[in-house]
Every structure is written in structure tokens, then in C-alpha cells.
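Student: Before we start, here is the structure in question, set down as C-alpha cells.
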Amino acid sequence: MRLKMVRRLVDVNIIYATQPAQLAKFRKKQEKDPTRKVNVSAQSIRTYIFIGLLYLFLFGILSSANDFVSSPGPFVNMITLFALLAISQGLMSFYNVFYESKDLQFYRPYAFSDAEVIAGKSISVILVLLMALLPMISYFIILPIQAGGNVLVGLLLGLLCAMILLSILFLGTLFLSHLITKSAVFKKHTSLVSNLIIGLSSLISIGAYLYINMLQSEHSVAGDLVTQPSIFPPIEVFHTFILNPLDSAALVGMLAWVLVLAVLLWLVKSQVLPHFYDAALEVSSSHAVKERVSQMKLGDQKAFHRFTVSYHKRLLSDGTLLTQVIFMMAIFPYLFTFGLFLGASRASFQIENYLTPQYLLPLSLIAFMIGVFNSVESLTSIGISLERENFAYLRALPIDFKRYCLKKFWILFSVQSALPIVLLVGVSCYFGVHPLSLLAMLLIWFLTSLSLSVIAFRRDYKLLTTNWSTVTDLMNRNRGNAALRGLLIFVFIIVMMILIGFTFYLSAVAFTTLIASVIYLLIAGIGALATYFIYKGTFYKFNQEIGE
């Protein structure tokens, strides 16, 4: 294998793994200074290395404050979490780089061996996954350092365990990706299967995160991290082996892991490598099946409604759209709150006493914060641009375009609101929120979400983009400086947490249920009026801009 040829393949394939928004930034940089050549592959590699090191610091080095030696639970759970993250990110990365890239036919005329092609593509995927891999490796290094004794031997054992686990994850993801690609169901329903993979992998990762967060909150409130259970006990073998490599149970467990690795090596060698080119070329040459659409009389009101609904069903069927925009925006507010509240409730903290109408103000602030996160980058913020050139085409049709846009907004708003409402009701019922408090929270959430969504809908028209390549590219347009944006989100969360905590305290010491209800009604009334004027005013300006 020639390393120089592998490096060239990495330079090419890293582009397939790079987000379109990042590539757009590189293009803009090139346009600003055409005389200076921008090395896209080198900058992409540096970006992934930087993100990996950032995650290493945030989740790896800072986690060294935990006592992994006496508490294997946190050690196992954090490794499991990042392993799931690697699998969820790796499945689609493997598919995009190995199969969807459609470049294998160009390598055959040149002197690239199969091993070099696979190595180059594999390294490209690994670079994308550094954000998950580096924190995992750090835990295997932190554990022997904390244990003391012969640190050098401990580090070697830790790195050995890390390499075994990473190899299993890599080979398993590669084999699973190949198996899915070869299946008849995938060939017939590529979009559906891709959507299911994206959604399921994201759901598993987020579920694991919430569960681990809950366990840590529960045991930290109870003052006991040592007995924290492991969500995937087989990984505990590595913990025992690093601390006591001569333990018989640890040796048997390590033998089982090595056996799994050997089986995966055999499967990849016998099933994947011999058929790799043929499978990838088969995917590349597949054609989408075009579906005939019957003509509809759009002048009829019922037919117009059916057309609009049917059209948006097709428009919203993209897997990345369903996952990143609908699912992630709905689940995001609970990532940093659910585990904390669940842990507190399970640690004998009477949280339901603070969820009554007496605490309407802090509960309204919680609903407001959730509504902001559910709506700022929602479907309504990209709904017009999703249509590409179809938006201009529909304007030319003899239809009431003003009515179409209004119906479009409410379809998008309804779709994006369904999951957040279900989550808000479900989480509230789980924690025992009083029914009147829940209704009050839903009203505040609705007013917040509607106001922000209608503003985002008009803004999408003003920033109309038709030449986007992926939904991620569309979502990332004009986001500005990522670090500044992250800082603003962090500040917003901190400010809201302070306000929520203060109003909880104020409600406990100074408010009765009557006083809290009166103040809430005043705030809700003002909010309803503000939402009404925002909705009417924004759509009035929107109709003027589209010439209706």
C-alpha cells in the first residue's frame, strides 16, 4: 500500500464527508481573494481535527474530575454514549463516502488498489468521527492514570482496549452499511430506509444521552456515584482488565471481545471487500423512480387543499429534514433539562410541589424557553426555500397565491408543532405538572412559537435560496460565526435559568395561587395581543413583498 496514493484519496473523499455549508464558506473565501488558492481538503481536515480536540477537552479532559477507578458506571456510560454517537454518525458517513460519492468508476483506470481506495475512504470517515473517537480514547487513558501504580503498563492496556473497541465499531459499521446497501429493500426504498436509519440512530443516541444524564443527576443528588449502573455492562470488562489484567473474569471478557473482532474481520474480508466495487457501482447507477402526478383542478377549494397537502407531504419527506429540523429542534430543549429533573425527582426531591398553579410564572418561562428553541430554526424558517424553483412556478399559476402561502405556513407550523406539543405534554405529565399549569404552559408555548415562526417564514422569503444542495446547507445559511452563535445560545440558557430560578423562589415566598394567576393572565393577554399584531403585520408585509 502506497501512503502517497492513500493521501490523495483522502484529499478527494474528505470533501464528500464535509458539510455543504462548510464548503460554501471555502468558496466565499476563494471569491474574496481569487489569487489565493484555498486548499479545501486541508482546511476540512484541520476543522475536523479542531472539533475533535474541542470535544476531547470538553468531554474527555474535563471528565477526569470523575473517579473512574472506584465508579465504573460513569466510565462505561460515557464510552457507550460516544460509541453510539460514532455509530449514528458513521453509518451515513460510510454510505456517503463509500457508496453515494459515485466516484469509484473513475479509480479503476488508474493504479489504485482496492486496499488503497478503502484505506483512503476509511480515513476520511474517521476524520469526521474524531468528535466521538477522541473522547472515547481519553477515557481509556484517564482510567490507568487515576489508578496509579505502573502507569506505563496501564496506558498500554488502556490503548489496547481502545483499539479493540474502535476496530469493532469501525468494522461493524462498515459491514452494517454494506449489508443495508445490498438489501433489496434499500434498493427499492432508498429514501425511506435512509430516513429510518437517520431517525433511529439519532433517537438511540439522544435516548442514551438522556438516560445517562438522568443517572448522573439521580446519583449526584443522592451523593453516590459509585453505584451508578452501567447501561452496557460488556464494556465494564475493559475497566476490570485495565485495573486488574490477571483477573480471570476480565480475561474471559477480553477473549470474547477479541472473538467478536475476529468474526467482524472475517465478515469484512469475505463479504465486503470482494463485492465492494460492484455494490458501490450498483448504488451509483441506480435511478430514482419517477412517479406520475395526475392533473388537478386547482380552482376548486377542496382540490386546492388536497393538492397543497399532498405537495407538502412530498416536500417534507427528506430524512435529514425530518431528523435535523423536526426531531432535533423538538428534542433540543430537553437535552439539558430532562435528565436533571428526572434525577431530582428520583432522588426523593418533591418536584411535583413546584408544578402547581402557584408557580405559573416560572413554568411560563420554561414554556417560553422551550418555544424559542422549538421555533427559531424550524420548518417555517426554510419552508419556502425548500421548494427551490417551484415557488416561482407556483406564483405563475392561475391560483390565489396569497391563500397558498397562508395555507403553506399553517401546514408547516402544524407539522413542526406536533412533536414539541406531544413532548411537552408527555414530559409534563410524567413529572406531575398540574393540569391547569400544563394548559397555561401550552398557551405560552403556542404564542411564542407562532410569533417566531411567522417572522421566520417571512425572513425565509427575503433570504430565498434555490441552489442549496442539502437541507444542512440550507439550515446553515447566514448563521454567521458559529462560536458567537454558540456563545449567544449559552448566554440565553444561563439567563433563562437564572430567571426561572428567581421566579420559583419569588413564587414560593411571596405569591399565592391567586396572585400568580392574575399576573399570568396579564402576561398571557399582553402576549396574545403582541402575537396577533405580529402575525397580521408580518403577513401584510409578506403579501406586499410577493405582490399580492
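Each residue, glycine too, has its Cβ placed from N, Cα and C.
What TrEMBL says about a protein is an automatic prediction, not a curated fact.
From TrEMBL, here are the annotated features:
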- 45-63: transmembrane segment (TRANSMEM)
- 75-98: transmembrane segment (TRANSMEM)
- 118-142: transmembrane segment (TRANSMEM)
- 154-180: transmembrane segment (TRANSMEM)
- 192-212: transmembrane segment (TRANSMEM)
- 248-268: transmembrane segment (TRANSMEM)
- 321-343: transmembrane segment (TRANSMEM)
- 363-386: transmembrane segment (TRANSMEM)
- 409-433: transmembrane segment (TRANSMEM)
- 439-457: transmembrane segment (TRANSMEM)
- 487-508: transmembrane segment (TRANSMEM)
- 514-535: transmembrane segment (TRANSMEM)
Student: With pairs 6 or more apart in sequence, are the transmembrane segment (487-508) and the transmembrane segment (118-142) linked by at least 3 Cβ pairs under 8 Å?
Tutor: no
Student: So if I exclude everything within five residues of the ends of the transmembrane segment (118-142), which remaining residues of that chain have a CB under 8 angstroms from its CBs? That is, six or more out.
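Tutor: For the transmembrane segment (118-142), the nonlocal Cβ contacts are 1, 5-10, 12-14, 16-17, 44-45, 48-49, 51-56, 59-61, 63-64, 68, 75, 78-79, 82-83, 85-86, 89-90, 93-94, 97-98, 155, 158-159, 161-162, 165-166, 170, 174, 238, 242, 273, 276.
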Student: Are there residues at least 6 beyond the ends of the transmembrane segment (154-180) whose Cβ is under 8 Å from a Cβ of it, and what are they?
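Tutor: Contacts with the transmembrane segment (154-180): 79, 83, 86-87, 90-91, 94-95, 98-99, 122, 126, 133, 136-137, 140-141, 143-145, 147, 186, 193, 197, 235, 238, 241-242, 245, 254, 257-258, 260-261, 264-265, 267-268, 271-272, 275-276, 279.
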Student: Same-chain Cβ contacts of the transmembrane segment (363-386) under 8 Å, 6 or more residues past its ends?
Tutor: 315-316, 321, 325-326, 329-330, 332-333, 337, 355, 408-409, 412-413, 415-417, 420, 424, 433, 437, 440-442, 444-449, 452-454, 456-457, 459-461, 463-466, 468, 471, 474-475, 492-493, 496, 499-500, 503, 520, 523-524
